[in-house]
């Protein structure tokens, strides 16, 4: 062996000794509140793994110690080494560790049920390989689809419309009526126990005649993060409540109310048709008597 190779051997040993694989994980997870969330962390090796740990900030929440892999019996798909239950802020944590010998891969799975918006958090998984530690962090984002409730009633000569929406994050709420969009700069907002917000918007519309608004479409439109929901109803002569989870396009907010246009043209045509029928019947009766 040459003198150059002899001098390079210590350097190669130092480099190889400090070369550590980095875990693979999803940096960002998006789930709906109430879902079971799965954090996963994978390392492309099954050699010399001493432990796999999960941390919530600096607090240890799950730890798998690997004592002696030689005594483990592996299946073709992998072997579940430890099944562990723990707590994160009173949340049940279901943690499992898999060794996939065929693929030379170690995977750690950690499951929680996200009950509220406050369960959104970042978890860090740490693999200890020999005496080296290598980590990766995954952050959870939560959302709640808007629950939309539309209510209207008459107060003397006014149509009173209230739109109430519950979602997370806090929704933007508008009322659409007679082709116009109405919103409040400062709506009524209530915070709920699960971290969601309930936003209420109210408007009154003066009617010139008793039946002016009957048959017109009134809609409650809500947008929260990437989700749009609405509730719509035809105005009646009394009070009415409707709850809906239909999705809508934001373009619909800008467009005219097609339902009202159809109603505006349909009613006069029906009245004209009825008048013609009555006139024909009258002519027939007169002709028959004569």
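Glycine too: its Cβ is placed from the backbone N, Cα and C atoms.
In Swiss-Prot this protein carries:
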- 1-17: signal peptide (SIGNAL)
- 18-267: topological domain 'Extracellular' (TOPO_DOM)
- 23-135: domain 'Ig-like V-type' (DOMAIN)
- 41-125: disulfide bond (DISULFID)
- 71: N-linked glycosylation site (CARBOHYD)
- 104: N-linked glycosylation site (CARBOHYD)
- 146-236: domain 'Ig-like C2-type' (DOMAIN)
- 194: N-linked glycosylation site (CARBOHYD)
- 202: N-linked glycosylation site (CARBOHYD)
- 268-288: transmembrane segment (TRANSMEM)
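Sequence features, as recorded in Swiss-Prot, placed on the structure.
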{"residue": "41", "record": "disulfide bond", "Cβ within 10 Å": "25"}
{"residue": "104", "record": "N-linked glycosylation site", "Cβ within 10 Å": "12"}
{"residue": "125", "record": "disulfide bond", "Cβ within 10 Å": "24"}
{"residue": "194", "record": "N-linked glycosylation site", "Cβ within 10 Å": "17"}
{"residue": "202", "record": "N-linked glycosylation site", "Cβ within 10 Å": "15"}
Between residue 194 (N-linked glycosylation site) and residue 202 (N-linked glycosylation site), how far is it from one CA atom to the other, in Å? 25
List the Cα distance (Å, whole number) between residue 104 (N-linked glycosylation site) and residue 41 (disulfide bond). 14
Which three-state DSSP class does residue 194 (N-linked glycosylation site) fall into? coil
For the C-alpha pair, I'd like the distance in angstrom between residue 125 (disulfide bond) and residue 202 (N-linked glycosylation site), rounded off. 48
Cα distance (Å, whole number) from residue 202 (N-linked glycosylation site) to residue 41 (disulfide bond): 48
